[in-house]
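Asks: I have a structure I would like to understand better, so I am pasting it below and will then ask my questions one at a time.
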Amino acid sequence: DVPKVPDCRADSDGARRGSLCDRHCAAINNVQGDLGDLGCHLHRSRVPPAVCTLSCCQQHSEEVCESCVVKTTLTAENAVEANKLSNNYKFGFKKWKSHVTARPWEDRSEIVKELYSDLNVIRGPGGSTLTCGNVLYLLLFGWWLSLLYVLVAAVMFVTVMGAPYGRLCWDLAGYFLWPFGKVIQKVEVPKSHQVCEAGAGESSALLGGPTPHRWRPQCWAGTGYWHCAGTAAWLCLGYPVLALAHGLVCVTAWLLIVLIPVAKLSARATSRVLLLPPERVLIRRLRMTEAPLEGEVILCCYHAANPYYYKYTVDGINVFAVNLLPLVLVTLVLGYVDSSNHLTGSAVKFTLALLSIMPLSYYIGMAIASISAQSNFAVGAVVNATFGSITELTFYITALIKGSREGNRCYAEVVKSALTGTLVGCVLFVPGLCMVIGGIRHQEQRFNSRSAGVSSALLFLSVGGVFAPTLFSKVYGKLVCGECHNVTQNPLGHYLCHNCHFDLMDNNGTLYYSHVQPLVYTVSILLPAAYLIGLFFTLKTHTHIYDIHISDCHMPGHHHSAVVHWSRWRALVILLLCTLCMSACADLATEHISPILTNSTISQYFIGVTVLAMVPELPEIVNGIQFALQNNLSLSIEIGNSIAVQVCMLQIPILVLFTIFYPTNFTLVFSDLHVYASMFSVVLMNYIFMDGKCDYFQGTVLVMVYFILLAVYFFAPSPSGC
């Protein structure tokens, strides 16, 4: 996908050349680095990838092997990130875009550095403070927060003892009405005023004017400060009200994301400014003063909004996932405490449970990527195989259990629709959307057609195996119709029949138990075996098909010690907790989906294919879009193909295995609509990916076909038994 150096100095002896490659260049195989984040820091320099490859190899030896040059050599910031990047290209491993380690501060852009900076830096004049974000702050928070400070100031003046705090609140009222272009400083108290001297006289430390020295240490120095009467009045009457108001502003601004600077402003005001003695707080306009050498700048804000805060992370977790995490707690409390639906109905609880799956899926993906990046290949493979599909399997199994207990076949049909929707969506919608969004920035995108061909071949095999029992039942099953009408008024004429299906239980189920069920078990054994063969092929014997590897050379002057966001044990604990929460949310979703299925006028096919299938995959869709924007379409395609292959080769066999130990209504016989939609999607996807390059037009074709199939499911009648 990148220019390659046609020739390099190589030794004529093939054996010696091979040893040099193995020793100096082959660090981690079958990996293509993210050109936006990694790769000899290509995002900082303008060195072409091939030149970087040559320089990396020449650092080790003057003789450069030919295979080392034809491969694109990219470097990671540390060994953990290199393992994560390597796992992205391993078949069967979860693809993860975000970093699992803390990125070096010097490698970050100025825009990102500003996101993490404290609001205590004075800058030069940088334009007007009259911006849309600042006006939005005034309309949402500034006016009522300033009014509240005025009211608190009046209360403190009434107490007499709290008059200094009243003057402070009056000044802060003007500050929080429009804090932009102003600075709050902590004024240093001279050491001579902190000496405790005995004396007589009335205390007027909080009233202004001359103050006896014996009261100064009690109010402003050390432990005596907190025992002042004025301070007690402030802590009882003024501070709690303002802290509550700032807390409300902080939470609201944080949830809006773009207003996170306002959240920082409120948090810093509550924890620093309001806890200082009034005489140590100085508020001035920025254009009228410069910070004195002995003064500490506490607050200095220029803009209330920053659109780049969508990149903000907390301990490696994106701010969107952080904000959605409280939704999980609300869902669990509301779902299990209000079991009789007094507070909310089933539709609200089902929606909350489904939305809670999104942040949990993100945390599970982060935990899997962290464990895999810090472990060897065997541990990573086990973790990915065990928890890679835990989100979908949890919902499917709970739905089948509920359907079995109620004797309702509709749950099994919904599970089949969700399986088909995941397959069709990951084959058409995920790569198509990535092509469209990536094509907006890049005119033409290329990908490794050979590696995509491996996934396509496995996808053909898996789809054929999954739908083999369905095709078998169509050939040998007995067609049974619910109602037929003679449209020609002739006993030998044509009949119009409704609710027709192939009955597999004729003659006491001889066809099903003697022929279809053994075929299902055989397919459920062969598909995981084919999956293991695909792993062995791509990860062991034919790793060269990716034509990329990572070198361990780094740019000079950078620190490459890995500071992981989550350790292995922490990631494991989070993984287990999220899995338990996922099970609870899936239980609530299946508990409250029944009224929606029975009362909704929308086809159950459509509900399963869209909502239940694609909502758990939203984190994967976001990862695919990010890869496409970085011109790394190979990973965007692999994300969709890997999920589709796992649906057919892992999830469906696990569900069949589950029905052996816990009998349910789930049978591996799908409706004709599922069969035709899946096979057509796979054929179209392989046709689009044939030449190894694509653009936004081809992506638009895939997305349009996906929406056409959704329209078919929307207008399709509900399955029999629902």
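Every residue gets a Cβ built from N, Cα and C, even glycine.
The domain 'Inner membrane component' annotation in TrEMBL covers 132-182. As annotated by TrEMBL, transmembrane segment applies to 135-158, 241-262, 317-337, 343-365, 377-398, 418-440, 452-472, 519-539, 602-622, 643-662, 668-689, 696-716 (among others). As annotated by TrEMBL, domain 'Sodium/calcium exchanger membrane region' applies to 348-468, 571-713.
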Asks: Is it true that the transmembrane segment (418-440) and the transmembrane segment (643-662) have 3 or more Cβ pairs under 8 Å, skipping pairs fewer than 6 apart in sequence?
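Replies: In contact, yes.
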Asks: Per DSSP, what is the residue tally for the domain 'Inner membrane component' (132-182) in helix, strand and coil?
Replies: 42 helix, 2 strand, 7 coil
Asks: Would you mind splitting the domain 'Sodium/calcium exchanger membrane region' (348-468) into helix, strand and coil residue counts from DSSP?
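Replies: Split into helix, strand and coil, the domain 'Sodium/calcium exchanger membrane region' (348-468) gives 105 helix, 2 strand, 14 coil.
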Asks: What parts of the chain pack near the transmembrane segment (452-472), using Cβ distances under 8 Å and only residues at least 6 beyond its ends?
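Replies: For the transmembrane segment (452-472), the far contacts come to 91, 423, 427, 515-516, 519-520, 523, 526-527, 530-531, 534, 537-538, 545, 634, 637-638, 641-642, 644-645, 647-649, 652, 667-670, 675, 678-679, 682, 685-686, 689, 692.
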Asks: Take the C-beta pairs under 8 A between the transmembrane segment (343-365) and each of 135-158, 317-337, 377-398, 519-539. Which stretch has the highest count?
Replies: 317-337
Asks: Which residues of the chain, 6 or more past the ends of the transmembrane segment (241-262), have a CB below 8 A from one of its CBs?
Replies: 115, 119, 133, 136-137, 140-141, 145, 148-149, 152, 169, 269-270, 274, 301, 303-307, 309-310, 312, 319-320, 323
